[in-house]
Amino acid sequence: MMKFTKQNFFVLVGGMIIYVVDIGVDFWVASRYFCQGQYSWSILILCFRGLSSIITQLFSYDWFKNDWEGTDTGKLKLVFLVHLFHCGIFIRYWFALKYGCQVAFKQMSSRGASEADPSNFIQKQAIGAVTDINMLRVFKAFLETTPQLFLQIYILMEHGKTHFCQYAAIIMSFCGISLSMVDYHVSLRKSLPDKDEFHVLSKFMYLFYKLLTITSWILSISLITLLSVRIFVILLIFLWICGFTWTLKQHTTFCKSKKMEYLYRTVVGIILIFSFFNVKGRRTKVCISVYYATHTVVTLGILFVYMFWKPSIIKEICFTIVSILIILSLVLGIIFLVVYYSLLHPTTYCRPRACSDEVDGVAGQRVKTGRFQNFLMH
């Protein structure tokens with residue numbers, strides 16, 4: 001088990017501040033579009049925010065219910081009410097800050113500590129709380145930030161009204177999605193006792209791999225919106241069906257209840273539209289190769305369609321610049337991916353004995369072993 005440091009604590013505080021600011025920005029942008037008479041865009045932004053919040057609250061409350069099974073029902077009812085008003089994430093931040101402060105500032109040493117040692121227990125609680133928050137952030141990134149990003153790109157390309165704030169918002173959205181993946185991946189490995197720690201170079205390599213591949217893919221399928229919004233929606237639905245089917249075949253057991261498990265698989269299917277997300281603690285060389293090879297073929301196909309189908313639109317949106325950006329991001333992203341997994345990926349995997357009976361949250365052992373003890377995102 002890796003340590004929760006003062007740096008982790010301040011990053012957590014910063015994350016909470018950014019979360020609050022993000023809520024304010026969403027409502028500000030929605031109100032701005034509403035005042036400009038762009039009611040559909042305003043409604044879409046609020047719908048993305050509302051759907052994301054509902055789903056993250058459902059997962060957060062379900063995790064509390066499982067973790068507090070057999071405890072005071074009055075406390076659980078209070079937590080339910082807080083989640084009902086869409087404030088569950090703040091409870092999680094409070095617990096993470098509480099445990100993180102005890103560990104980071106009271107200098108609890110874990111050297112030679114047993115599993116039952118109080119300091120070791122609080123260390124696990126702090127890391128576990130942060131991991132839960134970061135997984136909810138990943139859900140939010142692909143349920144809210146990504147759809148809003150498509151909307152921003154569509155408005156920029158369709159209406160041609162460019163402003164520095166638009167470009168800044170798009171760049172920040174790309175970075176936010178990628179950082180949420182990196183933060184989750186790092187905190188997940190912290191919560192797994194048999195995993196090596198990420199070094200700074202590994203983190204940056206992983207970040208650039210995610211940032212560049214996601215940027216290339218989102219820009220590519222955003223071009224389809226100018227050809228036909230209907231085709232764009234059909235493509236996303238098709239890709240989601242493929243991701244959801246693959247998740248079903250993995251027989252995931254992350255949640256205790258069947259309903260929450262299917263919701264989890266649904267969300268993972270959405271994530272798989274945009275980025276590779278492994279749901280089992282297995283090697284994924286073949287899967288990730290097929291995934292990005294498919295992305296490459298589809299990306300090139302979209303660019304060729306644009307070259308021969310819509311020359312008028314190509315001029316309007318500076319297709320040459322966009323296509324170069326797409327191809328360059330894709331090539332560099334795959335290079336970073338290969339370098340990361342060849343040279344910088346932590347190579348310590350679960351011991352055979354630990355992996356033989358436990359997968360990503362076996363029913364009946366989840367609370368005892370921890371939610372993510374046997375769940376590994378490549």
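Just so you know, glycine gets a Cβ as well, placed from its N, Cα and C.
Where the annotation comes from TrEMBL, it is an automatic prediction and has not been curated.
Keep in mind the model is a prediction, meaning the values are calculated, not measured.
Annotated transmembrane segment per TrEMBL: 9-29 (among others), in sequence order. For the transmembrane segment (9-29), same-chain residues at least 6 beyond its ends with a Cβ under 8 Å from one of its own Cβ atoms are 45-46, 49, 89-90, 93, 96-97, 100-101, 104-105, 130, 133, 137, 148, 183.
Annotated transmembrane segment per TrEMBL: 41-64 (among others), in sequence order.
The feature transmembrane segment is assigned by TrEMBL to 76-95 (among others). With a threshold of 8 Å between CB atoms, the same-chain residues lying at least 6 positions outside the transmembrane segment (76-95) that come near it are 12, 15-16, 19, 53-54, 56-57, 60-61, 64-65, 68, 125, 129, 132-133, 136.
What TrEMBL records for 167-186 (among others) is transmembrane segment. If one looks beyond the transmembrane segment (167-186) by at least 6 residues along the same chain, the residues whose Cβ comes under 8 Å of a Cβ in the stretch are 15, 131, 134-135, 137-138, 140-142, 145-146, 148-149, 152-153, 156, 198, 203, 206-207, 210-211, 214-215, 218, 274-275, 377.
Under the heading transmembrane segment, TrEMBL lists 207-225 (among others).
Per TrEMBL, transmembrane segment is recorded for 231-248 (among others).
If you look up TrEMBL, you'll see 260-277 (among others) marked as transmembrane segment.
The transmembrane segment annotation in TrEMBL covers 289-309 (among others).
Positions annotated as transmembrane segment by TrEMBL: 321-343 (among others).
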Margin query: With Cβ-Cβ distances below 8 Å as the criterion, list the same-chain residues six or more beyond the ends of the transmembrane segment (289-309) that contact it, or say none.
Written below: 213, 216-217, 220-221, 223-224, 227, 272, 276, 319, 323, 326-327, 330, 334, 337
Item checked: Stretch in 207-225, 260-277, 321-343 most in contact with the transmembrane segment (41-64), if contact is a CB pair under 8 A -> 260-277
